[in-house]
Each structure stands twice: as structure tokens, then as C-alpha cells.
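Asker: Copying in the features that TrEMBL gives for the protein in this structure:
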| type | residues | note |
| --- | --- | --- |
| ACT_SITE | K165 | active site |
| DOMAIN | 2-155 | domain '6-phosphogluconate dehydrogenase NADP-binding' |
| DOMAIN | 160-275 | domain '3-hydroxyisobutyrate dehydrogenase-like NAD-binding' |
Amino acid sequence: MRIGFIGLGQMGSAMAANLVRAGHAVTVWNRSPEKADALVRAGATRAGRPVDAAQGDVVMTMLADDHAVADIVFGEHGIAGAPALHVGHSTISVALADRLAADSGAGGYVSAPVFGRPPAAAAGTLFVVAAGPEAALDRCEPVLATIGQRVFRIGDTPSAANLVKLSGNFMIMAAVEAMAEAMTLAEKGGVDRRTLLEVLTGTLFDAPVYRTYGEILVEDRFRPAGFAAPLGLKDMTLVDTAATAFGTAMPLLGIVRDHLRTVIATQGPDVDWAGIALTVRDGAKLRRPPP
Ligand code: NAP
């Protein structure tokens, strides 16, 4: 398949590499062009402008936020109106996904946000949540199967996939907050974090979110960030906007969002979003290693 890939950050570069490895003809574009170098060496073609990456069958975007996606689609040399089917993987607002669907032009638009951190992107084991017109989903299914271990097709309204993704990210943050509070409590009472995690994941909490983030918390793996706290704050802000739009009170959301703000202010923007555990520990005056 002739695939364009735009946005070669932590996630996008790994996803694009898997597409090249699978034998697709991949054309790549990134705002900072040097991030395309390794992919070009691996066999990808470099596009001069975003629109040049959208002349094939499918163009996938994996960009930071709403602003970046709107720029790449509707800005100068943007992909709006290009022939390729636009498959959007970024975590963006429900409102922007609705706009992308409405203004997608001839190529069409599918929302396909993903669950999984950069190592899962590199291993091709992401979970993909896809929504859009059935024929468009059929067209991109083989590509989605290359980047992910499982593709959930959840309907024909693209923004529904974004709502699922935002809900999931809220639940990840809530799980991290809960683990951080429990680990801090246990540690202040003389039980180490690893012991607590081993018991809990070995009993009632045997789920990937507790295992993956539990290890990060136990080992203080907050740098380099797999998912930077400012992107996490962006997501919680998008959840808040959706909660207002749909009239849903989310008191837990306020707690994790403020903890993200605090950890960015105290640790800097390069800290992982799981670094909210540091804020929880600080609140309990639990000694921690220097950043
Ligand atoms: P990242 O490493 O920060 O990469 C962001 C990408 O967006 C880079 O290619 C960056 O280009 C580009 N970009 C930012 N602003 C732009 C603009 N105004 N115009 C054009 N390009 C722009 O982020 P990431 O971790 O790969 O995340 C990408 C998306 O996936 C985000 O929506 C994130 O929420 C979502 N996500 C992340 C994870 C994770 O664990 N990391 C998991 C699931 C979903 P430059 O290289 O030039 O800066």
C-alpha cells in the first residue's frame, strides 16, 4: 500500500518504522526534518510538504495536539482535499475530530487513536480504536493491523473513537493516582512499594495498566518521559472540555489534572505523566531521590 506518515515523534517514528518493515511504500514528513533521517535510511521516502505525503492510499497522522493536527490538515500545504484517506492517530478533541470528518474531502477520514506507550508502538502491539465509515475502515484495516495487536471498530462516527481514547487516558491517570497514594501510604507505614505492587497485581489488580505503571512508580522511571506530562495535561483538558459538553461531573479529573500541573511546575515539562506520583509523595513529605 502507498502510505504517508506525518508526525515522527516518539510514537509516530516507531509506527512508521513498522510500516516500512512490513513492506509498504511509506512517504514521511515531520516538522523537524532530521527526525525522518533514520526512516529514510530504512527505505522510506521523504516528502517536501505534508500534502506530498497524502497522494497515496492512506495518510496517517500522529501529532502532538489539536493545534498541530489542524495546522497539518488545514494549514498551508495541508492534506485537506488530498486523495489519500486520512487516518488520525493523535489524541485530539472530540470537536476537532468532528471537524476533520465533516471537512475530509474526497479522501475521507477515520479516527484511530491508540493505547500503548512508545515500546508498544515499536513492537507493533498497540491497541487501536477505530471509527469511521465502514468502507474507509475496511480500506485501512490491514495498515492498522500492522501497527497494533488488536483493532476495535466502534462505529461510523470518527469522534467516538476519540471519546473512548480520552476516557481511557483519564482512567490511566486515575489508576496512577490511586497507586501513588496507596504506595505512599504503604511506604510511610514501612511496607515497600514493590511488595505492595507484587501483592496487588498478583491478586485483584492483575491488569496491564497496574503492571506497566506500577513498575514505573516502583522504579521511579519518570525520565526520559515515555509520555510527557504536558501531553497528559493536554489530554485531561480535552476530557474536561468533553465533560462540559456532555454535562458530566468528573471530580476525580480535577485531582489528576492539578497534580499534572504541579508536577510540571516542580519537575519541568520533560517529566513523564506518571510523575504525578512525585506530587503525591511530596504531599505526604515522603523522601524521594533527586530528579
Ligand atoms: P512527541 O514525541 O512529542 O511528538 C509530537 C509530534 O508532533 C512530533 O512529530 C512534532 O514535530 C509534531 N508537532 C508538534 N507540534 C506541531 C506543529 N505545530 N506542526 C507540526 N508538527 C507538530 O509526542 P508522542 O508521544 O509521539 O505523541 C503523539 C500523539 O500521540 C499525541 O497526541 C499523544 O497524546 C498521543 N499518544 C502518545 C502516547 C505515548 O505514550 N507517548 C500514547 C498514545 C497516544 P517535531 O518533531 O518537529 O517537534
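Quick reminder: no glycine exception, Cβ is built from N, Cα and C everywhere.
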Asker: Grab the pLDDT values for the domain '3-hydroxyisobutyrate dehydrogenase-like NAD-binding' (160-275) and give me their mean, rounded.
Answerer: 97
Asker: So if I measure Cβ to Cβ from the residue listed as 'active site' and keep only same-chain residues at least 6 apart in sequence, which ones fall under 8 Å?
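Answerer: Those within reach of the residue listed as 'active site', by Cβ under 8 Å and sequence separation of 6 or more, are T91, P113, V114, F115, V129.
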Asker: With DSSP as the reference, give the number of residues of the domain '3-hydroxyisobutyrate dehydrogenase-like NAD-binding' (160-275) in helix, strand and coil.
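Answerer: Residue counts in helix, strand and coil order: 87 helix, 2 strand, 27 coil.
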